[in-house]
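**Q** Here's the feature list from TrEMBL:
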ACT_SITE  TYR59  active site, proton donor
BINDING   HIS117  substrate binding site
DOMAIN    32-270  domain 'NADP-dependent oxidoreductase'
SITE      LYS84  site 'Lowers pKa of active site Tyr'
Amino acid sequence: MLFEAPLTDLKLLVHSRVRLSGHRMPLLGLGTYKLEKAEETCGEAIKIGYRLLDSARVYGTEADVSNAVQKSGEDRGSLFLTTKVRRNEHGYENCKKAVLDSVTAPKPGYWDLVLLHDPLAGPEARHEAYRALVEAQEAGKIKSIGVSNFGVDHLKKLEEAHVGPTPAVNQLELHPWCQQTSIVDYCRSKGIMVQAYCPLAKGKYLSDETLVKIACKVGKTPAQVLLRWSLQKGFVPLPKSNNPDRMKENANVFDFELEDQDMIALDSLSKDDEGSVTWTPCFKGVE
């Protein structure tokens, strides 16, 4: 079991975690890509009960996340902060500098998880960047390390490079219309936790007939059904919102379960790559 407790209690938003390379990660988090008033929104999310805040160097939200944590009064150890190193900072020396900047500029003390944002820098640069992440982890600047938008070939090449342990996480675009099954299956076979960004597909499919029917059946919103689907798949979803009511709605997904037939119906909505609402899934064709 990836999860430490049944996914049916609202308290899980605050208290429960998934096992992650010797550490523990919250079941659901807040994405901060293009998040308006990011510091204020992250502070509100913490009040609601969110304990995972996902940022990235390219988002420009690291300081906002860190400031929100400091102002919240919550113990730093109760929160899980993620950032990502952008592709033009890949390579050994560049990545070392990026990590140092991320640790010292916003002053979070350390990052719970740092990911390589994508594989586009090429094999040598991303492998050397990963080596730098390993060293930063050994130095205590990072608790866990991983990747984002990596396909199966990228993960295999990273393993073959022998630059460090298996990534703890691969963060992917995941929702019923873009399931990236082959990558998810490979990650599971290697014990890599999968985080789901764009778990609501940017709202593109919220009026889908199958989704709406299931939402009516369980007495939840279509968005809540999508997040529940993600949780029951074993993913850690990262919905984004700057609306407090919507953040509460997104968090209220632990008091119901989708039946097997509902999960199967949602699985059947897959459009493979055509269902993607962001970049090309995992950059197929990129070495």
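Cβ atoms here come from the backbone N, Cα and C positions, even for glycine.
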**Q** So how many other Cβ atoms are close to the residue listed as 'substrate binding site', meaning within 10 Å of its Cβ?
**A** 25
**Q** Over the span of the domain 'NADP-dependent oxidoreductase' (32-270), how high is the average pLDDT in this prediction?
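**A** That stretch averages a pLDDT of 95.
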**Q** Would you mind pulling the DSSP three-state label for LYS84 (site 'Lowers pKa of active site Tyr')?
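**A** In the DSSP reduction, LYS84 (site 'Lowers pKa of active site Tyr') maps to strand.
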**Q** CB neighbours of TYR59 (active site, proton donor) within 10 A?
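**A** By my count, 20.
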